[in-house]
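Feature list (source: Swiss-Prot):
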type	residues	note
BINDING	Cys25, Cys27, Cys30	Zn(2+) 2 binding site
COMPBIAS	48-58	compositional bias 'Basic residues'
COMPBIAS	61-79	compositional bias 'Polar residues'
COMPBIAS	83-101	compositional bias 'Basic and acidic residues'
MOD_RES	Lys28	N6-acetyllysine
MOD_RES	Lys50	N6-acetyllysine
MOD_RES	Lys51	N6-acetyllysine
MOD_RES	Arg52	asymmetric dimethylarginine
MOD_RES	Arg53	asymmetric dimethylarginine
REGION	1-24	region 'Interaction with human CREBBP'
REGION	1-48	region 'Transactivation'
REGION	22-37	region 'Cysteine-rich'
REGION	47-101	region 'Disordered'
REGION	49-86	region 'Interaction with the host capping enzyme RNGTT'
Amino acid sequence: MEPVDPRLEPWKHPGSQPKTACTNCYCKKCCFHCQVCFTKKALGISYGRKKRRQRRRAHQDSQNHQASLSKQPSSQTRGDPTGPKEPKKEVEREAETDPLD
């Protein structure tokens, strides 16, 4: 075995680096490729800065869509007490006219 330079960090010793380069693949083989791959891929630990997600800007199409929605006639208000009473009466009449077996 060759003597190792004591000034080198243990992870920079010859033979400590894998022969193949690290990839972006997340398969089991690539997750256990080296210690760096294991911490980043398998454990999900990343010490880098988190990227900010950009907000999606509203396009003109979506503004037109909003305008068309406001032009549509609105349905009955929820608090209107006069609306649903008539159909109930019809159902009651049908139940009275149809005798059970």
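Any Cβ shown, glycine's included, is placed from N, Cα and C.
Keep in mind that this is a model prediction, so the values were computed, not measured.
The structure, with features from Swiss-Prot marked on it.
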residue : record                      : Cβ within 10 Å
Cys25   : Zn(2+) 2 binding site       : 12
Cys27   : Zn(2+) 2 binding site       : 10
Lys28   : N6-acetyllysine             : 9
Cys30   : Zn(2+) 2 binding site       : 17
Lys50   : N6-acetyllysine             : 6
Lys51   : N6-acetyllysine             : 6
Arg52   : asymmetric dimethylarginine : 6
Arg53   : asymmetric dimethylarginine : 6
Exercise. Counting distance between Cα atoms, which of the recorded positions Cys25, Lys28, Cys30 is nearest Arg52 (asymmetric dimethylarginine)?
Worked result: Cys25
Exercise. In whole Å, how far is Lys50 (N6-acetyllysine) from Cys27 (Zn(2+) 2 binding site) when you measure between their Cα atoms?
Worked result: 23
Problem set entry | Euclidean distance between Cα atoms of Lys28 (N6-acetyllysine) and Lys50 (N6-acetyllysine), Å | 25
For this session: Specify the secondary structure state of Lys28 (N6-acetyllysine) as given by DSSP, simplified to three classes.
Result: helix
For this session: Among Cys25, Lys28, Cys30, these being the recorded positions, pick the one whose CA is nearest to that of Lys51 (N6-acetyllysine).
Result: Cys25
For this session: Could you measure between Lys28 (N6-acetyllysine) and Arg53 (asymmetric dimethylarginine) for me? Cα positions, answer in whole angstrom.
Result: 29
